[in-house]
Amino acid sequence: MPILHKLKEKLTKSSPGLHYIPVTPIRLPTKDEFQYKSAYALYNYTPGGVDEISFLIGDIFTVYKEDGNWWLVKNCRTGQKGLIPSNYVTLNAKEATLLNGWYDVDRIGAENKLLVPGVEVGMFIIRPGKDNDFPYALSIRGEGTDIVHFRVRYHQQSNSFYLTPKLTFPTMNDLLNYYKLTTIDGKLGLTEPRPPRINPPNNLNDCKYDLRKLEFLEVLGSGNFGVVYKAKVGNVLMAVKKSKGVQAREAFLQEVKTMLVLKHPSIVQFLGIAEDSADNSVIIMIEFMANGSLKSYFKRLGPKQFTYIDLITMIDTLVQGMVFLESLNVVHMDLRADNVLVNEEGKVKIGDFGLTQILGSSMNAGISQFPVRWTAPEIMCGPATYTTKCDVWSFGVLIFEILTCGMLPYGDLSLQQVRDGVPKGLRLPSPTIYGFECDATIYSIMQSCWNMDPQKRPVFKEIYTKTQQTIIKATKFYSNAVSTDRD
């Protein structure tokens with residue numbers, strides 16, 4: 001059936017979900033497009049039907065036909081023609097200026113982004129509101145660790161936006177510009193949108209928070225070097241790691257220096273540090289990942305809760321984080337499901353940078369103990385220096401863990417048997433042996449990760465290409481790309 005005939009068969013789409021996807025720069029229409037209206041994408045969209053097209057926030061469309069809830073358009077960025085839901089776009093070019101401060105996040109996501117060291121008082125985020133009457137929310141960095149939120153109301157009769165009915169504005173841009181010149185509540189005003197990139201402070205003191213504002217809620221775990229707590233500052237939940245002893249203090253400070261430069265959607269976000277003078281401990285503050293480690297997440301939910309593409313998407317998300325680390329010459333040194341964390345929405349992120357080092361730094365590459373089941377043979381047989389290729393080996397084992405929903409690698413063998421066997425050619429079998437799905441392409445990449453010669457192992461970009469291809473083959477499109485343009 002021709003595409004135009006299907007317009008009226010479409011149903012109204014629900015409001016967009018809160019998913020973080022990269023912003024694309026706005027491109028002006030060409031001369032040939034001036035005879036038609038232009039529309040501007042306010043959200044990201046993944047098509048649900050064959051006649052629909054995908055788009056990213058900030059895309060510009062040439063509108064060929066408006067028909068209720070669905071419009072026939074051409075995406076000026078991609079050249080694709082098809083249907084888009086009208087409630088995802090605006091015809092108002094001024095409204096599109098919102099995109100400078102727009103983040104497709106919820107309240108918690110906004111708080112995490114505004115608490116990042118380097119974000120200044122008055123910087124703000126525009127995010128989705130609750131409904132048509134409150135289309136936007138405004139989140140602002142206050143003094144100390146304060147994050148203040150305001151609901152932006154839209155009055156349909158007067159076509160105006162406001163925070164208080166006494167002051168209305170024809171556009172959101174007018175509203176934002178006004179509050180850059182005065183305060184909103186007598187205390188706090190706006191300076192500029194929270195930049196896509198925040199330069200990390202040069203001094204760790206610029207990352208410190210007052211310990212008295214930190215409320216410890218419960219213990220999440222403990223080890224030889226420290227204790228992990230669920231905590232909050234004001235209403236912002238976070239996880240905090242408190243060091244034990246002098247050696248742990250130095251290790252924690254080194255971890256902070258590493259995390260300062262690691263800003264990526266697939267990496268757990270560092271929020272700041274505090275110090276406890278009572279015991280001379282260091283406290284690392286990171287975003288709270290409500291579902292804990294990936295290992296415990298699998299154990300709690302069980303294999304039946306995950307499709308094969310769910311698992312491949314997890315791998316795809318994590319490998320993008322590893323591509324980022326690889327680009328910075330950063331070696332994680334402890335990649336495994338226990339060190340992958342899961343947020344409330346089920347998104348996975350790389351965590352635990354306690355062993356991580358930056359290649360070429362003065363850090364000692366050796367560690368007295370290492371996770372044998374995940375460790376590259378050159379490290380087990382030593383002496384050898386950790387490289388990105390060691391992480392590639394571990395990532396292959398992590399893929400096995402994910403596709404088997406948390407099975408212990410070489411679970412039927414002792415640590416000594418693994419240590420002796422791997423240098424002689426012992427390798428993990430395909431997850432299909434245990435009744436799980438794993439296509440030939442993915443198992444081939446796993447095997448390439450376990451090449452005895454580190455130089456013959458793939459780089460993370462190659463692994464990323466394979467996971468993309470697997471997702472596209474199964475779903476016909478790819479929408480899992482995260483952005484390094486926004487941290």
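Along the chain as shown, the residues are counted starting at 1.
Heads up, the Cβ atoms here are built off N, Cα and C, so glycines get one too.
TrEMBL entries are annotated by machine, without manual review.
Pulled from TrEMBL:
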DOMAIN    34-94  domain 'SH3'
DOMAIN    98-194  domain 'SH2'
DOMAIN    214-471  domain 'Protein kinase'
BINDING   LYS242  ATP binding site
Per-residue pLDDT averaged over the domain 'SH3' (34-94), given as an integer: 83
Other CB atoms within 10 A, centred on the residue listed as 'ATP binding site': 22
Summary of DSSP states over the domain 'SH2' (98-194), given as helix, strand and coil counts: 19 helix, 32 strand, 46 coil
